[in-house]
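Taken from Swiss-Prot, the feature domain 'ABC transporter' applies to 6-244. The ATP binding site annotation in Swiss-Prot covers G42, A43, S44, G45, S46, G47, K48, S49. What Swiss-Prot records for 278-298, 526-546, 587-607, 616-636 is transmembrane segment.
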Amino acid sequence: MAEPLLQLTRVTRRFPAGDKDVVVLDDVSLSIDAGEIVAIVGASGSGKSTLMNILGCLDHPSSGSYRVGARETSELESDELARLRREHFGFIFQRYHLLPHLSAAENVEMPAVYAGSAQAQRRERALMLLARLGLSDRAGHRPSQLSGGQQQRVSIARALMNGGEVILADEPTGALDSKSGHDVIRVLRELNALGHTVIIVTHDENVAAHARRIIEISDGRIVGDRLNPHADGADAASGASGDAGPQRARRLSAGVGRFAEAFRMAWIALVSHRLRTLLTMLGIIIGITSVVSIVAIGEGAKRYMLDEIGSIGTNTINVYPGADWGDSRADAIQTLVPADAAALADQIYVDSATPETSRSLLLRYRNIDVNALVSGVGERFFQVRGMKMAQGIAFGPDEVRRQAQVAVIDENTRRKLFGANPNPLGEVILIDNLPCIVIGVTAAKKSAFGDTKNLNVWVPYTTASGRLFGQRHLDSITVRVRDGQPSAAAEQSLTKLMLQRHGRKDFFTYNMDSVVKTVEKTGQSLTLLLSLIAVISLVVGGIGVMNIMLVSVTERTREIGIRMAVGARQADIMQQFLVEAVTVCLMGGAIGIVLSLGMSFVFSLFVDQWKMVFSAGSIVSAFLCSTLIGVVFGFMPARNASRLDPIDALARD
């Protein structure tokens, strides 16, 4: 004798009610063979719906055994039970339980999505089933556009999507008029004739009369189990349905299909509540805009400061006489000489070196007298300091060798001495009674350190030493380190060379790289501090996302129950709500980045000294941050959704 398809042995189901348990099913034993059409009849509260839920693996016995084929359901995990519902059972509910935002075809396709069927195959089968049930012209209609009988036929098509070896119909005609109810019963009998096992739960004796076997239940006990000799036809000869579901796609394709469905459902849910979605995203938008903008402003400010430092000579090392800044004996030390600069310039780590000596002297041009800082420098001075010429040229090695009486002046000196004359080249000025020809004017530069009003004049250091200052020693030497050479190592080598030349430590160095590092470190610290403040708004936005997702789970509890009934696993439900949370956050992140880019334009209208500098890294980080917020703050609502009991979820309005 063949093993029963469904077999319950001494099944009891209790539900807690305060301090006591209410027994809904009491010691029920029942077997149903493949291919039968069975009616379970009883009054309201008799336990017939609970029995159907246990038969469909939506609920579980408190005690006793329930076997589907050779499988004991009490030994199965939740995902294995979902697979049983997905591959063996098809549910037809009294209230249809169609998702209102999906079309008829999309509702029918749902079980195949969770079964991993390819999109084209499941759409083809859904249309075939709807056509078979006389709904080919209603495939694109939503449930609200269908009559009750049409909605129930869509529900039947959904039950058949994956094959529907066992059809469980809970009061299938309860909400229909007599004609529609008769049509539904006719369809169920036809399905039984095709090999489907059909179980009808009803309180209507007229509906039960169409079944070959009638099981009566009262107060949780089976009080009758009889064959119905008045039913037309006979049960199907074979329990195997000739209507197999669509072929499964490969695992990767199935996963992609489920993810695409989750994303589509997330999009539908977000669009259907536009204002709520916008308000939910607002915290994320503000947070991402703040973080990206602050990082861009900080990067722009840092680059601007580094450029300004570059204007006074980056990658340079200055050598001064004395032990350190403020050394009282520094003026008496006269060992720093031009030969030291020449020796340093020959080192492989040095790009160029220039001696420097300076005094404040009187300048005269015609009847105009002014005080200016006169500096004697080498021919590489302007290269070392990164200074450009607005007019004329700088002096070269020949002028240095000849102690030439030539001078380069800055823009401030040009304005003071020459006023409206835009071209002072070739004019002769007196520097402390030494006539010098102006051969160049340096370009004016705006500085973050303020626009200096000092007057500066540069002459060859040989001219300054021999003709102006009357001294052979230098005030300082500026060394420009070759590109690619580590500044710290160059400073160590420079110090070693100077010690060898002087025989003692009568000098000290000042590395501009330390200024650069200080600026970079300060900029990074400020950016980090401001970013942490901005991140607070991201956290607040994330909490907002979590709150709204919890509300969404509550609102869509019945939808979750429907999806579980048609075979969705806990992971599928969790994925759907996680995708929704991540989608909200990614949309907020994208809008935040766009707003930040727009802010850079507005920023440039009010601040002309530097610009906001965006990097691909900061934008990618913003998207990753949005995704992380969606996952972290969407996890709890998604987990709550996945842990809902299918029966409780279906009972929610």
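Every residue gets a Cβ built from N, Cα and C, even glycine.
The stretch with the most CB contacts under 8 Å to the transmembrane segment (587-607), chosen from 278-298, 526-546, 616-636, is 278-298.
Within its own chain, the transmembrane segment (278-298) is flanked in space by residues 523-524, 526-527, 530-531, 534-535, 537-545, 548, 584-585, 587-589, 591-593, 595-596, 599-600, 603, 612-615, 618-619, 622, 625-626, 629, which lie at least six positions past its ends and keep a Cβ under 8 Å from the stretch. Neighbours of A43 (ATP binding site), defined as other CB atoms within 10 A of its CB across all chains, total 12.
Same-chain residues with CB within 8 A of the center of the G42, A43, S44, G45, S46, G47, K48, S49 CB atoms, the ATP site residues themselves not counted, are H203, I217, S218. Cβ neighbours within 10 Å of G47 (ATP binding site), excluding its own Cβ and spanning all shown chains: 23.
Cβ neighbour counts within 10 Å, taken over all protein chains shown, single out G42 as the most crowded of the binding-site residues G42, G45. In the structure as shown, the Cβ atom of K48 (ATP binding site) sits within 10 Å of 25 other Cβ atoms.
Ranking the binding-site residues S44, S46, S49 by how many other Cβ atoms lie within 10 angstroms of each Cβ puts S44 at the bottom.
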